[in-house]
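Novice: Submitted below is the structure of interest, expressed as structure tokens.
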Amino acid sequence: MSDASGEKTEQATEKRMKEVRSKGQLSKSQDLGAWVGVAAAVFMMPATIARAKAAGLMQMVSVQDVIAHPTTTRATQALRDGLGSIGGILLPMLVVIAAAVLAVSVAQGGVHFKKSILKFEHFNPITGLKHMFGTQALWNGAKVLLKTAAVALVLWVVIKGLMPILMNSGLPLESLLAAASHGVSSITVAAVAAGLAMGGLDVMVVIRRNRKKTRMTKKEIKDEHKQSDGDPHIRQQRRQRAIAMSRNRMMAKVVDADVVMINPTEFAVALRYEPGRSAPRVIAKGKGEVARGIREKAEAEGIPMVKDIPLTRALHRLCELGDEIPVDLYTPVARVLTFVMALKARGSRDAQGTHSMPGGTIALDPEDALVDEQDSDEIVSDPAPTPDFAPTTSLIGALS
């Protein structure tokens, strides 16, 4: 029924809220900003009074100097100093008030500037009557009465507590003035606290009104999803995020590799052999920048890297992530694992870094055997002793 009637029952999406905020269509609590400004003024008042007192003393000295030596120049300078001191007295307080009010405005949705366009509805008397006698107008009227009553109640309670002290005629004048000063401070703080409480209540009402005003129909949400899904830019962003997440997960698995096969510049394939499985698995692979990232990760983690151009290309071309190596590659991979195990048996330092297989590489598929002349140069290390390495039955057969 709600879809057919267009009833707005759904909460606004993030995209809709962003559009509404950018257009400045969300209501804000004016009371909270006003009372925060008053609170900032009260907070800065003691320092402002102290600066005013110091400036007043300096001004009195200037006036006395003018009286003692009356000249036009001295009088003009004294007037300039007096007017200039006003800015120094009030400026810090005004800056704090402006910053506090601006912070409240930003917290409620930010400050937005837009061109003002005259619309007929702004001059529509029917619309004006709705604003005058609608629910918003009723709330504004009730809010004024409630604020007045709350502030008056707080002031009455504070003044009632101060009256016995102020009416005590036995106190000296200095004590009465101190009590009166303390009473004024208490009244001011109480009034500001009551105003801030009313401002907080107004914020909750405004938030509830904004949520109701920005509700959407189910059809609007479906249309927005269709529009977003059809946006090539959004699809590309999602694809890039998915690729980045997948790449990060793959890179995290490089630390579990037993060996990383390298091209050495274009390709990299990380292999892991787990006893009990039929063959090693490919846990990371890539070319170009991804291959470089795998090599850097392997070097940082001390994973042995073996340079075997045909085998690396074959593994990269034939295997996907998580795949076990194909049967045709059992023999060359078994040789590599045996070589790596021998290096690890010597010590971790011997296993780290980049190595070349003793005796060179094994030519595989002719397509994989075609390598650049630059990549075909190999540095053959000393033959490693064959360790007591017990691979699975399939790999034992490949080694025999």
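Yeah, the Cβs are placed from backbone N, Cα and C, and that goes for glycine too.
Worth saying up front: this structure is predicted, and the values here are computed from it rather than measured.
Look at TrEMBL and you will find 1-22, 217-234 tagged as compositional bias 'Basic and acidic residues'. The feature region 'Disordered' is assigned by TrEMBL to 1-24, 214-236, 373-400. Marked as transmembrane segment by TrEMBL: 32-50, 89-111, 144-167, 187-207.
Thinking about packing and proximity, how do these listed features fit into the structure?
Specialist: Only residues 6 or more beyond the boundaries of the transmembrane segment (32-50), in the same chain, are considered here, and those with a CB under 8 A from a CB of the stretch are 89-90, 92-93, 96-97, 99-101, 103-105, 108, 188-189, 192, 195-196, 198-200, 202-203.
Under 8 Å from some Cβ of the transmembrane segment (89-111) lie the Cβ atoms of residues 21, 26, 28-29, 32-34, 36-37, 39-41, 43-45, 47-48, 51-52, 55, 203, 206, all in the same chain and six or more residues away from its ends.
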Novice: What are the DSSP helix/strand/coil residue counts across the region 'Disordered' (214-236)?
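Specialist: Output for the region 'Disordered' (214-236) reads 17 helix, 1 strand, 5 coil.
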